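As given in TrEMBL:
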- LYS38: active site, proton acceptor (ACT_SITE)
- TYR264: active site, proton acceptor (ACT_SITE)
- ARG136, MET313: substrate binding site (BINDING)
- 243-367: domain 'Alanine racemase C-terminal' (DOMAIN)
- LYS38: N6-(pyridoxal phosphate)lysine (MOD_RES)
Amino acid sequence: MPKVEETRLEIDLNALAHNYHVLKSNLPANTQIMGVVKAFAYGTDSIVMGKKLVSLGATHLAVAYIEEGMRFRRRGLDIPILIFYPQLEDLPKLLEYNLTPSVYNFHFLENLNAALIEHNVIDFPIHIKINTGMNRLGFDMTDVNRLTQLLSANKHVKVEGVFSHLSAAGMPEENEFTQLQIDNFKVAVEAFKRNVNTSFIAHLCNSSGILSHPEAAFDMVRAGIALYGYGNNPEEQKNLQVVASLKTRIAQLRVIPPGSSVGYDRKFKAEKTSKIATLPLGYADGISRIYGNQKAEVLLHGKKAPIIGNVCMDTLMVDVSEIECKEGDEVLIFGKQHTALAFDKEKQSIPYELITRISQRVTRVVINKE
Ligand SMILES: *Cc1c(COP(=O)(O)O)cnc(C)c1O
């Protein structure tokens, strides 16, 4: 078997810079950009991406969990990092590593407050999350009055940000709902300005918000998927460049006669003489079994080849009958010239899931560092 290093994820920093500038140019000039680098920077490389985003001008980073934020601190990044999902047991680490929690309920706020009193901390920066319609995390609009009263009398925390999240910013057919969320958010922001402080950063937009509703940019935006080159509709996708390309090489080629089968459970049966290439990556590398049996296509010498049979743990097979090729030839699973959307031709998932699932055993190779 060839080594797994034959399979690699190529990360193009020029493409990241390009996308950053596309987003920037879509926004009012003074809008700050928070680079969302959760889940290994959407499956790429957290530290490389975080550092590049800072050098491009991002003023904040955001991750999901505290461990992700601590990695940046250990690697010397000292810009503000928002933790979307802090846990109660993280409180000492939030203080120690100077990470900013998203605070989305009273229970967490009370516990945070107690920890700050215990450690004699004042003005600890927090971002308050408001639920404007997503119904995932956040204080409800009906909590805002009580919340702002509590916070106005609290010297231990400092409200550095107030934010919310859009549910369907990339769906034009949901624009009315998005507008309702924007209006709710404005109401919450005004209440904080009146009752808490006037200098916090208000932020609402994710990538689709930036690209499809830039009028709702407020003070800062949280850019995720678009930085990595994917939009949530063709219009958003138009000007972006895919950052990460998952590549491998043909491990073995064989020609099989009609009636032969390929792979576990004999799911592919050749109707005619067929040329089959085995590729050294499988579901343990992040290519789900849902993509077996002609549900996805890879790119080989500029031509599309379907995945046939069941995807194995470490390998998958593609039908290359119509393609001139040899063992060792490079194959693009998905990436710049063949996006995750093209790979997932039956739209069984979304680029977010495809790219964040590329497992850590796949070697990351960074290109265009300067
Ligand atoms: C992941 C995430 C983002 C980034 O969303 P994209 O659609 O990838 O731009 C922004 N805000 C929150 C709260 C998130 O969880």
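Cβ coordinates are placed from backbone N, Cα and C, and glycine is handled just like the others.
A gap of 11 Å separates the Cα atoms of MET313 (substrate binding site) and TYR264 (active site, proton acceptor). In the predicted model, the domain 'Alanine racemase C-terminal' (243-367) has a mean pLDDT of 97. Fewest Cβ neighbours within 10 Å among the recorded positions LYS38, ARG136: that distinction goes to ARG136. For TYR264 (active site, proton acceptor), applying a Cβ distance below 8 Å and a minimum sequence separation of six or more within one chain yields GLY309, ASN310, CYS312. Under the DSSP three-state reduction, ARG136 (substrate binding site) is assigned to coil, being neither helix nor strand.
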